[in-house]
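All remarks here apply to the structure that follows.
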Amino acid sequence: MAIYPRNNYLLNLIAVAFVAAGALLPTSVTAQAAVGDIVTQAFFDGIINQAAADCAGKNFYTRQSFLDAVNSYSDFGRTGSADDSKREIAAFFAHVTHETGHFCYIEEINRDTYCDTSRTDYPCNPNKQYYGRGPLQLTWNYNYGAAGNSIGFDGLNSPESVASDPVLAFKTALWYWITNVRPVISQGFGATIRAINGAVECDGKRPDLVQARVNYYTDYCSQFGVDPGTNLSC
């Protein structure tokens, strides 16, 4: 039996421990790139530069405000393999592009109150409207209330704050994504369309809008060098 000098023996034990720990880490985690490495300034500009010069969103949405918001959602784009991460980010920005018109709109064009009085857990302020605001156009009193509770702002009494703070705006979009869309993303991009606006667009209701979202998604997947997967439509 070999006898190791004490210091060398300890060093060998430490080396073995590090190797074993690395072997236990999923390769998908070690292979992932930071979100900021995928969402480059060039990628972001490629979207927002398609908006008209007089769009309010051009002076509101920025890559940095998105990255600042991502700091509060550290698992966004960090689940599964490196390709899964790219697909999730492509899907998110496909919907954001569609909802905001290439970052043109901060607030919904056809505004309404969007107060669901049956949701007594999130009572509406009669002086406020809960129409779409932000990158994913957060809508309805119950979404503003729940987002506010999670993020830390008064969504029911100050819904307009989503349209005045770009980091908060992106946080509401990421909150909605993680809460309502992330659970179905493994089912394909089509499932994310259904999670965001399925009642209006899916099952043959608005195939033109569905295809527009799919086109953005496949374009962004191509830019990221990743296969878009299956089940793209709804």
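Note: Cβ is positioned from N, Cα and C throughout, glycine not excepted.
Recorded disulfide link (TrEMBL): Cys104 to Cys55, out of the candidates Cys55, Cys202, Cys221. The record in TrEMBL lists a disulphide bond between Cys234 and one of Cys124, Cys202, namely Cys202. Between Cys115 and the candidates Cys124, Cys221, TrEMBL records the disulphide bond with Cys124. Note on the domain 'Glycoside hydrolase family 19 catalytic' (168-178): residues 60-61, 65-66, 68-70, 72-73, 75-76, 92, 96, 106, 133-136, 138, 143, 147, 150-151, 153, 161-162 of its chain, located 6 or more positions outside it, place their CB under 8 angstroms from a CB of the stretch. In this structure, the C-alpha atom of Cys234 (disulfide bond) lies 27 angstrom from that of Cys115 (disulfide bond). Every protein chain considered, the tally of other Cβ atoms within 10 Å of the Cβ of Glu99 (active site, proton donor) stands at 20. Residue environment of Cys202 (disulfide bond) contains 20 other Cβ atoms, counted within 10 Å of its Cβ in all protein chains. Sequence-distant neighbours of Cys104 (disulfide bond) (same chain, 6+ residues apart, CB-CB distance under 8 A): Ala51, Ala52, Cys55, Ala56, Gly57, Lys58.
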